[in-house]
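Data first, discussion second: the structure below is written as structure tokens.
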Amino acid sequence: MEKLENSKQLSANKISNGQNCYLICNVRLPVMFLRFNTRIKMFYKLQQKVENWFGHVFEKYGRFVARNPFKIILLVVFINIGLGFGLLRLEQESGIEQYTPTDSTASKNRDQIRELFAIDTAVNYYQQSLPDLGLFASVIIERNDEGNILDSSLWGDISALYDFINTTTAHDSTMGLALMGGNCVANRYNLGFAGILGTGLAIVGSFGLVSLCGAKFVDIVGAMPFLILGIGVDDMFILLSGLADTSSKDSVEDRIGQTMRTSGISVTITSVTDVIAFCAGAASVFPSVRNFSWYTGCAILFCYLNYVTYYIGCMTINEKRVSKNIHFCTCMPTKTRTDMEAAGQSKCKIFCCAGSPHKTRDEIEGPIEKYPKRLVKRIVLFKPTQIIICILFAVYLGFSVWGTTGFQEGLDIRDLVGKDSYYYDFYDTDQNMFSQSLIVSLNIQSDVNYRFESSFNQINSLVTNVQKDSQVFDDFLLSWLHAYRSSAVFDNTSDALFISGLQSFLSTVQGNVFVNDVMFDTSNSIVASRIHIMTESITSSNSQADLMVKIRESVESSSLPVFAYSPGFIFFEQYVQILPQTLQTLGICVAVVFVVTAIFMPLPFMIILVTVTVVMIMVGVIGFIKFWDLTLSSVTMIHIIMCVGFCIDFSTHMCHAFVQAEGTRNVRVAQALDMAGGPIFNGAISTIIGVLMLVFSSSYVFFSFFKIMLLVMVFGLIHSVFLLPVILAYIGPQYKVAKSDVYPEKTITFGGKQNRLEQTLPEPHPDYPGAE
């Protein structure tokens, strides 16, 4: 059999007319398409092997659980409760610094100051000398009639308040639907209760284990049970959807095995992705994010393990009850609705007592599972509405991208308390009526002889360089050296006289304000000193972060061993690191989505589609927080990371259901909506209902969680049940494998000579909406 000439031979032929050009293209294009189809078929076969292997493992496991349901349920319950005793060692980490990054430049500088400047605030208290906010309180005095407080009639009250404050000692302290129907046999009410109980056990067990490992409980972890409940409910509905798709004629063991074969992979993909993603968050520099990730990642793992053990056992027991036609509540044998109607029973008794095993999926599905997906199928498979969906999503994406360019960063301290809190009003008054200037210390370490004029000039140059910034006052300088040089006891004729004169100066009333700014060793040598500058009143978090960075850059250009520090820098660090930390963590999460999807569903198109969908949802969430008066902070960063799980869950369930389905694209989309659409609707609506109670919370942490969770649930829902089906209906991967992979040879004419083209691959079939 003759073969086609290679490309060099073809190009060597003399092409004298357009017909020959057409023939060349006519030969090359089918060959290129067939090569591409070869690669596609290779990935499809790989997907089938992976699906079959994992499916076989999950089916065998499901059959094992179905044979030993009671043993497995008891074992899991005992393990979770046993680990729950670890809660006795639960330690709480509170305070604002849990929302600031650890090992930051500011925290290292603070450690240096504590080492260099040992001060006793009980003897020499000066606020500018404190390495942190310290144990002090501010008192704001206002008249009830908003008049002048400099009224002699009030002096007695002010004096009494002053005396009370002076006798007060400060101490550190901590701050702080869907499954029920009229069929009393086939309804899944007990399974719904068992699912919620399994989630609760997972939370108890994981909290106990993480507490035993030494991770501290941070305030934001209080919102985590809502997340775990949502993820657990989502897994429950996926498993129930797989069970509803099995034949009631099969044995319970066969049905449980088939359920795990079809739904086990989908649940595993999402759970593994969530756990690894939260492991990435555990590497964060923010203690609140780090500890939250440990608690949440472990809870998601326990939730998954509970559902594939304890909950599968509960499903087995429930299906055995159904197969015996036993009432779900009374556990008594039950008659069918038809038999009771024939016996003349009342409608009330029929509703409360009648029941029978379901025969079709439609009989067992609840209203939220049944009706929304029917409407969605009509919408996403109708060409005019498909166009409308694409246009709306383009507009949504445009608004999202625009929103990401204008969101604000920062955390307002008052948001960490309720609006009815005493501190909330105090903070407002303090911000509005008093200057928020910062005193920044320029801390000079050893190896400086302050007696020499050259050292004094270096210090002056340092101060001048820092005060060039428009946000730094150029007429304020609190400097022991300048004050000492202007005093009557200044003497720099020798080192000894310089030191003795300085110590005399520090003991005076004028010099005592600098007593914490010069440190001596045992030989009376100066080992560290500092001077202070002042900034303008700055309240914007972005401006505060920018100012900190600029002051540091100015100081680093000095030849002196000096660093700049202010207690406020500890909190400003979060404004510098929050965006890169968020992007880094989200980037790791997206990479995890890509890798895990590639392992369990190795189809390039599906891998890219799931990953891009997750990115689109996250862009939407980050973009729309601007429109909901939220800022990017260590609090909202946690909410965004924890919501990645729902982005992954919804899109993965829909794509995996499409891969499992058979037939044309439209048919497969319809089947995918049958399999995954109902659970997605159930999961989204139940989660939204669950977090609605947070609307009434006065806590910023919980109210912001509600806002972001609502965004994620809405965006995740519309992406998975509207956008993805439209995309899959048009360009979803379609594989039509014939019985034989070899087709008859085709003869083509080229250059006046007949050539035979041998096809060893499936011939491509047209497949698009309308071509069926």
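From the backbone N, Cα and C atoms, a Cβ is placed for every residue, glycine too.
Residues or ranges marked as transmembrane segment by TrEMBL: 70-88, 189-210, 222-244, 265-286, 292-313, 380-402, 582-600, 607-625, 637-659, 680-702, 708-731. Among the features that TrEMBL reports, domain 'SSD' is placed at 185-317.
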Quiz item: Can you name the far-off residues of the same chain, 6+ from the ends of the transmembrane segment (380-402), with a Cβ under 8 Å from a Cβ of it?
Solution: 616, 619-620, 622-624, 666, 669-670, 673, 721-723, 725-726, 729-730, 769
Practice problem: Decide whether the stretches the transmembrane segment (582-600) and the transmembrane segment (607-625) have at least 3 CB pairs under 8 angstroms, with pairs required to be 6 or more apart in sequence. | Solution: yes
Quiz item: What are the helix, strand and coil residue counts for the domain 'SSD' (185-317) according to DSSP?
Solution: 111 helix, 2 strand, 20 coil
Practice problem: May I ask you to check whether the transmembrane segment (222-244) and the transmembrane segment (607-625) make contact, with contact taken as at least three Cβ pairs under 8 Å and only pairs 6 or more apart in sequence counted? | Solution: no
Quiz prompt | Distal contacts, the transmembrane segment (637-659) - CB-CB under 8 A, six or more residues away | solution = 47, 51, 220, 223-224, 227, 230-231, 234, 238, 265-266, 269-270, 273-274, 277-278, 281, 286, 288-289, 292-293, 296, 300, 578, 581-582, 585-586, 589, 593, 597, 601, 603, 606, 609-610, 613-614, 617-618, 621-622, 668-669, 671-673, 675-677, 679-680, 683-684, 687, 704-705, 708-709, 712-713, 715-717, 719-721, 724-725, 728, 732-733
Quiz item: Any residues 6+ beyond the ends of the transmembrane segment (607-625) with a Cβ under 8 Å from its own?
Solution: 396-397, 399-404, 407, 586, 589-590, 593-594, 597-598, 601, 631-632, 636, 640, 643-644, 647-648, 651-652, 655, 707-708, 711-712, 715-716, 719-720, 723-724, 727
